[in-house]
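Comments concern the structure below.
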Amino acid sequence: MGKQDVLTDLDAASASTSVMKKLPEVTLAFWVMKIAATTLGETAGDLFAQTLKLGYFLTTIALFLIFVVTLVVQLRSRRYNPFFYWTVILSTSMAGTTMSDFMNRDASAKFLSDGATSLGWGPQGLGLGYPVGAAILISILLAIFLIWKVSGMTFQIRDIVTFRGEALFWSAILVSNTLGTSMGDFLSDSSGLGYAGGALLVIGVLAVLVAMMRAPAVPNVLLFWIAFVLTRPLGATAGDFLTKPVAKGGLDLGTAGSSAVLLVILFGLMAYAQVRERRATGSGSAEREPVTQRAG
């Protein structure tokens, strides 16, 4: 398989395999939906925690529970379902947004100084800061990959067909989305690049990854996971760019309006993916039917 397959097209598992594939093919549409989901995750997470003033603590718990519910539905599904898969991706993006904010920030003093009487219940951040928070998340992500490697299971998402493999995959997704949020917030808030500058930097790094697709020394799996992690800070910076005030370099479209538009876009893409998957499944069944009849 050529390196160009990593970011454009990973073949689905063979129709003759005894296990149904549960994860999508990695195509250009995959990356478009991933960026849409991560951007929506940023705006929706901020909508609940900040705009609605539920706070990071309560919002993190609620969104993590939503992630667990969507994950159970995905794990119990017997075959790939675009709606189930992308709902889990969205829930990890939303949970990752508030989990990162809770780890890295301490918003209590800020909101009290702004005249807010409360910001939800419980502590409003651990105040670890981006470097410490990122170091913790990177350590957890590396530990997941180490367990994954020691288990002997494949890192190629097209070949992940077992319950344990899928559980490791989704654990890595949740942590990588949380890490990506920290990276995006650091680029937007602390690096001096601003929201648009941070997004452009991530786009530039992704362009370098595309250029590396033909490099024989770089493993396909490594390119995929780096790109997967980097799409999260792209979504985070893009989400902040849409929602933050003009004075801070944003477009000031608001978390509610931006989330509504992004939700419509993502659900439209999910519906399109669902139709394509049903057509592909029906076509595959039709092709296998004559073989079954002859065998009988």
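Note that Cβ sites are derived from N, Cα and C of the backbone, with glycine treated the same way.
Whatever TrEMBL says is automated annotation, not expert-curated.
Listed in TrEMBL:
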- 54-76: transmembrane segment (TRANSMEM)
- 83-103: transmembrane segment (TRANSMEM)
- 128-148: transmembrane segment (TRANSMEM)
- 160-180: transmembrane segment (TRANSMEM)
- 192-210: transmembrane segment (TRANSMEM)
- 217-235: transmembrane segment (TRANSMEM)
- 255-273: transmembrane segment (TRANSMEM)
Checklist outcome for this item: Best-packed against the transmembrane segment (192-210), counting Cβ pairs under 8 Å over 54-76, 83-103, 128-148, 217-235, 255-273, is stretch 217-235
Checklist entry - Which sequence positions outside the transmembrane segment (128-148), separated from its termini by at least 6 residues, show Cβ-Cβ distances below 8 Å to it? => result 100, 103-104, 155, 168, 171-172, 175-176, 178-179, 182-183, 185-186, 190
Next on the checklist: Under 8 Å between C-beta atoms and at least six residues away from its ends: which parts of the chain pack against the transmembrane segment (160-180)?
Outcome noted: 13, 17, 19-23, 38, 41, 67, 71, 74-75, 88-89, 92-93, 95-96, 99-100, 103, 134, 137-138, 140-141, 144-145, 147-148, 151, 153-154, 225, 228-233, 235-236
